[in-house]
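Colleague: Handing you this structure, nothing more for now.
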Amino acid sequence: MNAAPPTAGPRSRLTGRTQFVLLALLFFAPFVAAWSLYFYFPDARPTGTTNYGQLVNPPLQLPNWSLTEPDGSASTTEALRGKWLLIQLVDGDCEKLCTDRLVTTRQMRTALAAERERLQRVVIGNDAAGLAALQSRLAAEQPDVSWHAIADLGEARRFFGSTDAETLFLVDPAGNYLMLYPGGHGVQADFKGMQKDINKLLKLSRLG
């Protein structure tokens with residue numbers, strides 16, 4: 001009669017578990033270290049590291065503002081979490097400067113190719129009825145924009161630290177405000193610069 005095969009004892013199971021944990025740490029540690037270094041210790045980054053946008057140091061947690069959807073329903077900024085957010089603030093009507101910015105961000109997002117679904121473009125304005133009309137008017141050319149109205153747009157501008165109508169704000173999937181993109185550099189420069197930054201971040205992090 002053949003002897004039964006030996007079963008793995010507690011020691012061998014522990015060794016296998018330890019090896020798994022060590023392999024997991026070996027794999028994920030570089031990503032965690034790179035993420036922490038990039039956002040929380042910018043002074044320690046290699047001098048060759050460059051970014052187009054302005055880093056927010058330290059990152060700020062996006063407040064949970066009350067928002068109104070174009071259909072009149074209530075929402076919050078908390079509900080926007082889970083994706084990378086590129087936020088544009090709009091006072092009143094979205095005139096040429098505003099729509100040009102939307103065109104630039106649409107082209108940049110498209111250039112992200114397979115990664116583009118991880119980035120959500122968000123417009124926050126102070127006129128719910130105006131935003132609903134704007135969404136309807138731009139639906140064909142800006143179908144992926146998420147439109148929201150806020151009662152006090154000034155509060156949002158104070159939080160983001162900019163009153164410039166062209167400035168865009170980047171927030172990570174955990175709600176951390178990380179970077180801003182002032183206007184005035186030209187469409188091509190903004191397109192290439194934002195694409196480079198966001199591509200880098202999407203590769204660095206699997207969040208969102």
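The chain as shown is numbered from 1 upward.
Positions of Cβ are set from backbone N, Cα and C atoms, glycine also.
For Cys94, Cys98, the entry in TrEMBL reads Cu cation binding site. Marked as disulfide bond by TrEMBL: Cys94-Cys98. Under the heading transmembrane segment, TrEMBL lists 20-41.
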Colleague: Restricting to the same chain and to sequence separations of six or more, state which residues have a Cβ under 8 Å from that of Cys98 (Cu cation binding site).
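Modeller: Set apart from Cys98 (Cu cation binding site) by at least 6 residues yet with Cβ under 8 Å, we have Gln88, Val90, Ala165.
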Colleague: At a 10 Å cut-off from the C-beta of Cys94 (Cu cation binding site), count the other C-beta atoms across all protein chains.
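Modeller: For Cys94 (Cu cation binding site), the count of other Cβ atoms within 10 Å is 26.
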Colleague: Need the DSSP three-state call for Cys98 (Cu cation binding site) to compare against my parser.
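Modeller: Helix, per DSSP.
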